Amino acid sequence: PSCFGYPLSIFFIIINEFCERFSYYGMRAVLVLYFKYFLQWDDNLSTAIYHTFVALCYLTPILGALIADSWLGKFKTIVSLSIVYTIGQAVMSVSSINDLTDHNQDGSPDNVSVHIALSMTGLILIALGTGGIKPCVSAFGGDQFEDDQEKQRTRFFSIFYLSINAGSLLSTIITPILRAQECGIHSKQRCYPLAFGVPAALMAVSLAVFIIGSGMYKKVKPQGNIMIQVSKCIGFAIKNRFRHRSKEFPKREHWLDWASEKYDKRLIAQTKAVLKVLFLYIPLPMFWALFDQQGSRWTLQATTMDGNFGSIQIQPDQMQTVNPILIIVMVPVVDAVVYPLIKKCKINFTPLRKITVGMFLASLAFVAAALVQVQIDKTLPVFPAAGQTQIKVINIGTDGATVQFRSPLQSVNVMSMESTGYMTFDTSQLQSVSIISGNKNTTEVIMLPGGSRHTLAVKNAANIVAKWVFDNVTSKPEEGNNLVRFINNLPDTINITMGDTSFETLMSFSASNYNLFPGGRKDNIMAIINSIPCSVTSKTLGFGSAYTIVINGCTGNTLDVTYSEDISPNTVHMAWQIPQYFILTCAEVVFSVTGLEFSYSQAPSNMKAVLQAGWLLTVAVGNIIVLIVAGASKLSEQWAEYVLFAALLLAVCIIFAVMAYFYTYTDPNEIEAQFDEEEKKQVKKDEDVCEKQTEAVSRM
C-alpha cells in the first residue's frame, strides 16, 4: 500500500522515530540539572557523566547493527531493544523519586547512593536501547523503498530528520516545564519523576506504534553481518601484505588487493569504498565535541543568566529548544532557498565543502559563547580567598555614620538606611573598628575567621549599637534562585513569613538566616508585630540574587522595609545565548544532514549499516574528546575553555578541507553493475565449457 507515492509503512516508522526521540531528548534535557541539583554533583562531574552517557549512546549502535544484520533482522532488533529502552526510562523515573529514601522527610534523599545506583542502571539500559535501535530505524526506513524511488528516499531522510527534531523540540520544551513543577508526598520539590516519567510513557507508545505497522513492512532477511566480513578481509590483507614484504614480490595497486587470494573482488572493491569514506570521518568527532556541549556547558551557562522574557520565565534547560526550533525552520529554508541560490552563483557546493563550512561555523559559535561568558563573568561576585575577610556595613539608624577599620586605616561614611558594598581586608591585619555617629563614638576589637563574609549593622540609638552578622554564603545562588534574610530594626520581637516560607522568630535588632526563593517573583512579606499583622509585597528580586531586608516599622498595616543587595541578580539576559545557538544550528544543518546523505551515497548497498555505524561512532568519540579536553585543560576560566574548543575545531577544519580536496567521488552502483556484468560473462563462459564437455562425453 502506498500514499503520496510513499510506502504506507513509512508513516509508522516516522511516528515511531518521533516518539523515541521525544523520549530520549526529553530525558537528556533535564539530565545535567538532575545530576547537579538532585544528586548534588558539581559542574565538572555532571558534565563528565553527561558526556559519558551520550558517548555510550553512540557506541552501542555498532552492537545494534551486529545484532540486526547477523542474527535478528532489523524488525526484531528494534522491538526487543525498545523493550529494554522502556524499562531503562522507567527505572530512571523511579530513581528520581525523592520519597524513596527520604525517611526523615526533610526534602532531600537520605541515601543518595540508592538513587545514583538506580539512575546509572537506567542510563545504561537507555544507552543500550537508544543506541541499539538507532542504526536500524533509519536503514529500515530506507529498506521500504524500491530502487526506482531514489527521489522519495532522499525526501524521506529529510522528513526523518525533521521528525527527530520535532520530537526533540517538543520534549525540550515540555520536560523542563514538568521538572519545574513542585511534587512529592512528604516534601514539595522539583518534579524529576514526572520529567523522566513522561519520556518513559512515550517510549512505550513508540513501541506500540511500531508493532501495529508490522504487517506492512518490507522485512529484509539478515544477510550475515558485513562488518565481520569487512574486518576479516582487512585483517587478512594486512597479514598477507606483511608476509610478502620482501622486494621479490611485485607491488599491488592497493594494499587491500593482498586479500584477493581469499576474498572475492567484489567484497574487496566494496571495502575500499568504505575505508575511503571512513578515512574522511577521522576529523569529524571534533565537531560533535562542540555540538553536544549544548546540553552540558551551555545549559550550565544559562543557569547564571536572567531568564525573564516579559510575562514568561524561561528555565535554563529550556534554552536548548532554540536548536530544534531553528532546525525545523532552517532545513526547509536551506534546501529550498540557500542551496539553489549557491547553485545559481555557479558555485559547486559539494557535500564535503558543506561539511567543512559546518565545522567552521561551529567553531564560530563557541567564540560567541566565550564572548557571552566574558560578560557573565563581569557580573559575578568575588568571594574572599582563604586569608581574606569581606565586610559590608548597613546603617539602620536615623543618623549618618562613619565607620573606621584599623590597620591599615580605612574609613567609610554610610548615610541613614544605606549600605556599602563588600570591602575586602587581610584577616590577619584586621584589629578594630570605630563607629562615629551624631556626637557618639565606640570602638570594638574584631575577631573574624578568614575566607568569610560578614555584615556589620550599626545604629545610633541611646548609644551606638553594632551587630555582627555572619553571611553564610560562598557562591551565587544556583538555578536562578534568590536568597533572602531579614533584620529586625524594631524594639519588639517579630514573626516573619515571606510567600509560603516562615522565618525563625526575630528578637529586636537581630538577623535571620538566608532562605531560598524561586527567581523572578514578587512575594508577600508579612510580619506579626505585637500580634498585629502587617504586610507588603516585595520588589522583584530578579534571578540569582541575595538580599537583606530590614524591617523598620509599620504604618497603617503596611510594612516599611529597606533592601540591601548582598549579591546582585543575574543581569546578562538568556536571549544573548540565541546567536551562539543560531550559528551552531546553521552548522548542524550543513554538517549533519549532508553527512548522513553523503555516507548513504558513497556506500555500496550492503555496506550502508557499516558507514551509518561509523558516522555515529564519530559522535561518541566527540563526547569522549570533551571529557579529555575538559579534564586535561585545567582552565579555571569557562570562557577560555570555549576558546580552546573553538581553536581545536578550527585546526581540524583546515585539516579536513585538505583531505576533502583530494577525495574523488564514486558511484557505488556503477561498480556493482560492472561486477554484475563480469559475473554474467563468467556464468556464460562456465555454461559454454560445460556444454562442450557434455558434447565430448556423448561422442565417446
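In case you wondered, yes, glycine gets a Cβ from its N, Cα and C as well.
TrEMBL: automatically predicted annotations, no manual curation.
According to TrEMBL, the transmembrane segment annotation covers 48-68 (among others).
Taken from TrEMBL, the feature transmembrane segment covers 75-92 (among others).
The transmembrane segment annotation in TrEMBL covers 112-133 (among others).
Tertiary neighbourhood of the transmembrane segment (154-174): same-chain residues 6, 10, 14-15, 17-26, 29, 138, 141-142, 145, 198-199, 202, 317-318, 320-321, 323-325, 327-328, 331, 335, 592-593, 596-597, 600, selected by CB-CB distance under 8 Å and a gap of 6+ residues from either end. Feature annotation from TrEMBL assigns transmembrane segment to 154-174 (among others).
Residues 1, 7-9, 11-13, 15-20, 22-24, 26-27, 30, 34, 75, 78-79, 82-83, 85-86, 89-90, 92-93, 95-96, 140, 144, 171, 174-176, 178-179, 181, 183 of the same chain lie 6 or more positions beyond the ends of the transmembrane segment (194-217) yet place their CB under 8 Å from a CB of it. According to TrEMBL, the transmembrane segment annotation covers 194-217 (among others).
Feature annotation from TrEMBL assigns transmembrane segment to 273-291 (among others).
The list of residues near the transmembrane segment (325-342) in space but at least 6 beyond its ends in sequence, with Cβ under 8 angstroms from a Cβ of it, reads 158, 161-162, 165-166, 169, 349, 581-582, 585-586, 588-590, 593. Residues or ranges marked as transmembrane segment in TrEMBL: 325-342 (among others).
What TrEMBL records for 354-374 (among others) is transmembrane segment.
The transmembrane segment annotation in TrEMBL covers 609-630 (among others).
Feature annotation from TrEMBL assigns transmembrane segment to 642-663 (among others).
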For the transmembrane segment (112-133), distant same-chain residues with Cβ under 8 A (at least six beyond the ends): 20, 24, 27, 34, 38-40, 53, 56-61, 63-64, 67, 77-78, 81-82, 84-96, 100-101, 616
Distal contacts, the transmembrane segment (48-68) - CB-CB under 8 A, six or more residues away: 24, 28, 31-32, 35, 41, 74, 77, 81, 123-124, 126-128, 130-136, 222, 225, 227-228, 292, 295-296, 609-610, 612-613, 616-617, 619-624, 626-627, 630-631
Long-range neighbours of the transmembrane segment (354-374), counting only residues six or more past its ends (CB under 8 A): 283-284, 286-287, 290-291, 297-298, 301, 572, 576-577, 579-581, 583-584, 586-592, 594-595, 598, 638-640, 642-643, 645-647, 649-650, 652-653, 656-657, 660
Long-range environment of the transmembrane segment (273-291) - Cβ separation under 8 angstroms, sequence gap at least 6: 230, 234, 256, 352, 355, 358-359, 362-363, 365-366, 584, 587-588, 591, 595, 598-599, 602-604, 607, 610-611, 614-615, 617-626, 629, 645-646, 648-649, 652-653, 655-656, 659-660, 663, 666, 668, 671
Same-chain residues near the transmembrane segment (609-630), Cβ under 8 Å, at least 6 residues beyond its ends: 44, 47-48, 51-52, 54-59, 61-62, 65, 68-69, 131, 134-135, 138-139, 226-227, 230, 274, 277-278, 281, 284-293, 296, 595-596, 599-600, 602-603, 641, 644-645, 648
